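Asks: According to Swiss-Prot:
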REGION    1-40  region 'Disordered'
COMPBIAS  1-19  compositional bias 'Low complexity'
MOD_RES   Ser75  phosphoserine
REPEAT    170-210  repeat 'WD 1'
REPEAT    216-258  repeat 'WD 2'
REPEAT    263-302  repeat 'WD 3'
REPEAT    305-345  repeat 'WD 4'
REPEAT    353-392  repeat 'WD 5'
REPEAT    435-480  repeat 'WD 6'
REPEAT    481-520  repeat 'WD 7'
REGION    523-546  region 'Disordered'
Amino acid sequence: MGSRNSSSAGSGSGDPSEGLPRRGAGLRRSEEEEEEDEDVDLAQVLAYLLRRGQVRLVQGGGAANLQFIQALLDSEEENDRAWDGRLGDRYNPPVDATPDTRELEFNEIKTQVELATGQLGLRRAAQKHSFPRMLHQRERGLCHRGSFSLGEQSRVISHFLPNDLGFTDSYSQKAFCGIYSKDGQIFMSACQDQTIRLYDCRYGRFRKFKSIKARDVGWSVLDVAFTPDGNHFLYSSWSDYIHICNIYGEGDTHTALDLRPDERRFAVFSIAVSSDGREVLGGANDGCLYVFDREQNRRTLQIESHEDDVNAVAFADISSQILFSGGDDAICKVWDRRTMREDDPKPVGALAGHQDGITFIDSKGDARYLISNSKDQTIKLWDIRRFSSREGMEASRQAATQQNWDYRWQQVPKKAWRKLKLPGDSSLMTYRGHGVLHTLIRCRFSPIHSTGQQFIYSGCSTGKVVVYDLLSGHIVKKLTNHKACVRDVSWHPFEEKIVSSSWDGNLRLWQYRQAEYFQDDMPESEECASAPAPVPQSSTPFSSPQ
């Protein structure tokens with residue numbers, strides 16, 4: 001059978017993270033590198049695994065060693081969140097002061113972004129016009145048709161990026177996922193407590209209106225997605241099934257989509273839904289891509305896609321014909337749904353340049369550009385018209401295989417801080433300044449309607465939301481308030497609001513608040529420049545959750 005009405009199965013034994021240790025990891029390194037990178041007490045790691053049920057002690061070691069392990073178990077049993085976040089909190093991701101933008105200078109994405117933000121054709125100095133000057137030009141009738149164009153509106157909004165905490169909701173366990181619906185009317189949050197919470201975001205509200213207990217959950221809900229019609233949502237976990245559930249109505253109807261995997265321990269780390277809602281795409285820990293057809297009510301494809309865990313999947317655009325996938329082999333692959341066959345699983349191309357596993361992929365929505373987040377502590381921007389050569393793919397595979405650290409509980413090795421470009425790296429741009437530790441941290445393009453997609457934003461293992469300028473590569477905003485890693489981030493499709501979901505158990509909504517006037521925002525006349533700044537005004541507060 002393809003689907004069933006599933007029953008609650010509890011949390012299960014689960015795993016302490018999304019992925020098992022990488023296959024092929026552990027090649028020899030120099031003694032100097034090992035001394036630099038070794039900063040984890042192996043006994044503490046073992047205690048953590050024992051506490052989570054991932055390993056068992058069978059025999060040997062002596063009573064003294066067992067007593068020592070038990071002491072660690074007892075001392076840290078009530079402090080899991082501190083363990084999960086402490087390495088990320090100590091890590092200070094290096095910021096790239098001089099990003100290499102040479103590949104972007106002659107690529108069409110530069111023109112696209114400048115056109116979408118009203119900067120195309122302007123001299124560099126004019127692109128930095130202050131907001132008051134733009135208003136002055138509009139009043140003089142110098143704007144097109146007497147009003148701001150959509151691009152100029154996006155440029156105006158860039159002056160008002162979220163900078164203040166407007167709302168917080170707290171959970172008893174880690175928040176794993178949090179996304180806005182396509183129309184921005186609903187926000188969905190998934191927590192390790194097996195509960196999926198839905199928030200009403202209409203008319204400036206952010207109010208919880210429904211809580212749903214997830215089914216067949218092992219460890220945690222790992223990914224969520226809305227159906228295109230906005231009436232249902234899907235979620236995945238350490239389970240053979242992807243579940244779909246209704247948003248509206250009195251009761252909760254959970255339908256389990258059976259993927260029929262070959263692995264005994266199976267997890268779907270990433271899911272996506274086609275634009276017509278018919279096909280569900282999943283990336284799993286067995287290195288395979290799965291396609292489930294909801295009309296046929298069965299799994300229609302199981303493609304051997306990567307040499308290791310598939311951590312990220314995405315559709316390239318609204319046609320849902322081109323797919324992206326990324327895994328722990330550090331390769332991003334591009335697939336054509338019309339030519340995918342189980343007996344001949346060949347992608348149409350591959351994108352190589354990362355030095356460690358890929359944690360997330362987001363498409364720009366135009367079937368051409370995408371970004372990928374990676375355990376090598378970088379985000380890369382790709383153009384699928386520039387596939388990588390065999391040399392580039394081999395360089396990425398070799399770099400990933402030679403990694404001898406585990407991002408879930410070890411510090412980032414110092415060699416990963418180096419600004420190194422692999423041979424054959426076909427990426428357009430590399431963004432540095434955020435941390436990727438503990439979990440599959442997400443990154444995304446900013447919305448097209450409000451920002452012209454001129455920004456890239458990401459969660460961070462240090463508890464921040466990091467916003468990059470897409471064209472310059474520089475960090476334009478850091479939102480800091482969480483006490484553990486931020487796993488997921490979501491920007492409202494039409495408003496200047498960002499929601500962060502963190503392992504500290506908090507959901508935070510960030511919005512713009514005028515705190516003070518800055519020099520470049522003041523009119524240039526001496527009379528206005530000397531006028532006192534008004535008293536700061538707080539924006540309208542949000543309603544408390546029910």
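Placed from the backbone N, Cα and C atoms, the Cβ positions cover glycine too.
Describe each of these features in terms of where it is and what it packs against.
Replies: Remote same-chain partners of the repeat 'WD 1' (170-210), defined as residues 6 or more beyond its termini with a Cβ less than 8 Å from a stretch Cβ, comprise 11, 81, 84, 217, 219-226, 228, 230, 233, 235, 245, 247, 439, 484, 487-495, 499-507, 509, 540, 542-546.
Across the repeat 'WD 2' (216-258), DSSP helix (H, G, I), strand (E, B) and coil residues number 0 helix, 20 strand, 23 coil.
Taken through DSSP, the repeat 'WD 3' (263-302) splits into 0 helix, 23 strand, 17 coil.
Per-residue pLDDT, averaged across the repeat 'WD 4' (305-345), gives 97.
Listed by sequence, the residues of this chain that lie at least six past the ends of the repeat 'WD 5' (353-392) yet keep a Cβ under 8 A from its Cβ atoms are 19, 22, 93, 104, 107, 109, 270, 308-309, 311-319, 322, 324-332, 334, 399-400, 403, 407, 412, 416-417, 420-432, 434-436, 439-445, 448, 453, 456, 458, 468, 470.
Using DSSP to sort the residues of the repeat 'WD 7' (481-520) gives these counts of helix, strand and coil: 2 helix, 18 strand, 20 coil.
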Asks: DSSP says what for the repeat 'WD 5' (353-392): how many helix, strand, coil residues?
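Replies: So the counts come to 3 helix, 18 strand, 19 coil.
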